[in-house]
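A.B. asks: Here it is, the structure, as structure tokens.
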């Protein structure tokens, strides 16, 4: 990436910090597809995971490092040799595009109660961590965890030392979302004034949203001179989430008068597609009134507003929806459309799929074509994401029959395949879906408590595909999010619940 004084590096941590949100875990295949879309979006750095934390994270980072080209691929590590070595190994395939991101808490409360170490020990550990990471990669980022609650003098000291040790990016996180904009901007300015070699590195910020100020704090820091911003798509993340990258990007794009002509490599037309993909893959719905990408972001209900929009869009819209991807779909496909037409449309939508995956999607496409007249892009996206989200099926649905009559007790009969064994059971319930879920529990021996159940229409019309998302708690230990789609909502509900069971058994 070509760096100028006004070039902002966009660092995406959706696959690492964003995935820490309860119920938002993604499979390696889902993470890879999100990473490919992030590359199309034009982010500069993808933080793909925390390799030492689990074998799954290690493999996911390795796969993304091998297959995703364009952005830098980053792995997180504590300032511990085992962490740094795991990150280096996972990032091998990225070669010169690899970045190791080491972090260490610096605030007084963390030094005293979490780490039980004094300032000198903290500096020593940070310097050793950066030096070790530098043996493996040229691009090393250091984060001073809880920087916004760290004494400015000590923060400046440790930043100076890690720069001398070889850090190329220094990150100033508002880890618990405590800062307010002017205060955070003042901290960034303080570092520019008091760290001797700070002009030799990139100054980064990473803000959390506990007080609803993550985006505001990030923008204030950029105005103060920060030239890397870290965040997630849709603002997902633990607790109240992270800074929403799409909001930061559009604020910079819409208000150059306020922030200066800050340049990024972001392809604005990919914003909406990226938002929707992350929502579907993570199972976290985007709130309807969310800025930029919410369903209501460009909806105008008041008559006066509608009249103004019709006369001149700019009366009530400060962003042209088309520039971020809010456009009408192309002509729909039908059951008579062939495999070549389907494959071509999938490429236009940005999906790169294996032959076997396209075969499976084409088979489902034909089945849906028998049930509905037109198949729209959103229908295709739902089919693709169902394919991407597939996991090893310990139990596979073979047959379902539901009996519901007015005044009677709903009953469901379920047939599942478990390897070579076919298992059948039935149950009654408060409704058809409840009865089916209880029958699945009887067969699998799992005991799922349905925490959330959401059904939405993928497209319009009576023949629309219904997409069901469930959050299920198994034995009060594991919260699992799963989804499925079908023109039959009851079938989609059962498949979604069974997907959750299979996920819990992994």
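Quick reminder: no glycine exception, Cβ is built from N, Cα and C everywhere.
Just lifted these from Swiss-Prot, have a look:
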DOMAIN    8-272  domain 'Pyruvate carboxyltransferase'
BINDING   17, 206, 208, 242  Mn(2+) binding site
REGION    396-506  region 'Regulatory domain'
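I'm curious about the neighbourhood of these features; can you describe it?
C.D. replies: A 10 Å cutoff on Cβ-Cβ distances gives residue 208 (Mn(2+) binding site) a total of 26 other Cβ atoms nearby, all chains included.
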A.B. asks: Using a 10 Å radius around each Cβ and all protein chains in view, which of these binding-site residues has the most neighbours: 17, 206, 242?
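C.D. replies: Neighbour-count leader: 242.
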A.B. asks: For the region 'Regulatory domain' (396-506), what are the DSSP-based totals of helix, strand and coil residues?
C.D. replies: 29 helix, 52 strand, 30 coil
A.B. asks: In the three-state scheme derived from DSSP, which category covers residue 208 (Mn(2+) binding site)?
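C.D. replies: DSSP assigns residue 208 (Mn(2+) binding site) to strand.
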